[in-house]
Amino acid sequence: MGKAVMLQWVIGLLALLGVSQVDAEDPYFYYTWTVTYGTRSILRVPQQVILINDQFPGPKLEVVTNNNIVLNLINKLDQPFLLTWWDGVLGTNCPILPNSNYTYKFQAKDQIGSYTYFPSTLLHKAAGGFGALNIYHRTVIPIPYGYPHGDFTLLIGDWYKTSHKTLQQSLDSGKPLPFPDGVLINGQTQSTFSGE
């Protein structure tokens, strides 16, 4: 009888120790993106653009708060390339040299909303390399406002027919940027838009 009680005690203690050794982390998501040049007719004129995984705009990154993102970026351009994530803070790492890679590791923390990622050096953004980053709330944590009636991602920006390298040379020589040749909405041009 005493041995049975002692055995139950030991089993209970081992079970308790086993529970305390559990290491639960937020989920990890792994991506590999390759940055290359490609030709697209953005404003009905073939021109060199920056693609991510052969996409313009780049892939949409959709994550949930606290997700851990591990993104291996391979630079196949002839220039160093640097992505900046939604906050716009430059200088947290060096540009990725041509024909090399860098692995970005970050956790999407408590910044629910729609953002962009974009290249932040050498005027690469004028050639592409940008895309959407959407961060959703965890279902176990309520949000302090009503749910939207619809959800869509909107990327809007200036576009030039002139190459980003020519624009960069112009800036380096002290000249201002010219007026943009067009406006892109989600990487597309339209002759008319409606507010619907």
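Count begins at 1; order follows the chain as displayed.
Including glycine, each Cβ sits where the backbone N, Cα and C put it.
Copied over from TrEMBL:
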| type | residues | note |
| --- | --- | --- |
| DOMAIN | 35-138 | domain 'Plastocyanin-like' |
| DOMAIN | 151-191 | domain 'Plastocyanin-like' |
| SIGNAL | 1-24 | signal peptide |
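Sequence-distant contacts of the domain 'Plastocyanin-like' (151-191) (same chain, six or more residues past either end, CB-CB distance under 8 Å): 42-45, 47-48, 50, 56-57, 60, 114, 116, 122-127, 130-132, 134. For the domain 'Plastocyanin-like' (35-138), the DSSP counts in helix, strand and coil order read 4 helix, 53 strand, 47 coil.
Here the domain 'Plastocyanin-like' (151-191) has, by DSSP, the following mix of helix, strand and coil residues: 9 helix, 9 strand, 23 coil.
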